[in-house]
Amino acid sequence: MKRLETLESILERLRMSIKKNGLKNSKQREEVVSVLYRSGTHLSPEEITHSIRQKDKNTSISSVYRILNFLEKENFICVLETSKSGRRYEIAAKEHHDHIICLHCGKIIEFADPEIENRQNEVVKKYQAKLISHDMKMFVWCKECQESEC
């Protein structure tokens with residue numbers, strides 16, 4: 001999906017958020033955001049930690065979990081719960097999209113479908129509601145897993 005914001009603008013917002021919350025600026029917070037931004041995919045806390053440890057051997061998984069909680073609370077990242085691969089994280093500064101998640105291998109596919117979006121808007125309008133957000137996840141067995149089970 002197309003990114004809506006540059007890494008530098010996200011990091012600038014992060015610095016302002018850290019200051020607003022009365023916290024000290026931390027290179028590790030910026031590094032977690034950078035890893036997620038550059039990956040362009042959904043990463044586990046372990047994958048994020050492994051990536052950061054390439055530069056900083058002292059990074060702990062517990063620090064990464066604390067940082068992820070802060071980033072999620074401040075809407076810098078989105079969390080995706082999957083049954084196979086646990087919590088996965090992605091940068092929030094992307095165009096709206098939905099997810100297809102394979103229950104067997106944990107593969108995640110992002111997609112955007114204008115027809116689905118239009119239909120959701122029609123449903124909201126029918127009930128005279130105001131759509132704030134939505135998150136669609138479809139749990140499937142991907143093509144590869146179906147073929148390997150035959």
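Each Cβ is built from the backbone N, Cα and C atoms, and glycine gets one as well.
Small disclaimer: the values here were computed from a predicted structure and weren't measured.
Features reported for this protein in Swiss-Prot:
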type	residues	note
REGION	1-93	region 'DNA-binding'
BINDING	His42, Glu90, His99, Cys102, Cys105, Glu110	Zn(2+) binding site
REGION	94-150	region 'Dimerization'
BINDING	His96, Asp98, Glu117, His134	Fe cation binding site
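Here the features listed in Swiss-Prot are painted onto the structure.
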residue	record	DSSP (3 states)
His42	Zn(2+) binding site	coil
Glu90	Zn(2+) binding site	strand
His96	Fe cation binding site	coil
Cys102	Zn(2+) binding site	strand
Glu110	Zn(2+) binding site	strand
Glu117	Fe cation binding site	helix
His134	Fe cation binding site	coil
I want the residues beyond His96, Asp98, Glu117, His134 whose C-beta is within 8 angstroms of the mean position of the Fe cation site's C-beta atoms, in chain order.
His97, Ala112, Ile116, Gln120, Asp135, Met136
Which whole number is the mean pLDDT over the region 'DNA-binding' (1-93)?
93
These are the binding-site residues: His96, His99, His134. Which one scores highest on other Cβ atoms within 10 Å?
His99
Distance, Glu90 (Zn(2+) binding site) to Asp98 (Fe cation binding site) (CA atoms, angstrom):
12
How many Å lie between the Cα of Cys102 (Zn(2+) binding site) and the Cα of His134 (Fe cation binding site)?
20
Compare the C-alpha of His42 (Zn(2+) binding site) with the C-alpha of each of the binding-site residues His96, Glu117, His134, and give the closest one.
His96
C-alpha of His134 (Fe cation binding site) to C-alpha of His99 (Zn(2+) binding site): distance in Å?
12
Which residues of the same chain, at least 6 positions away in sequence, have a Cβ lying under 8 Å from the Cβ of Glu90 (Zn(2+) binding site)?
Leu36, Thr41, His42, Leu43, Ile77, Cys78, Leu80
Could you tell me the C-alpha distance between His96 (Fe cation binding site) and Cys105 (Zn(2+) binding site) in angstrom, no decimals?
24
What Cα-Cα separation, expressed in whole Å, is found between Glu117 (Fe cation binding site) and His99 (Zn(2+) binding site)?
13
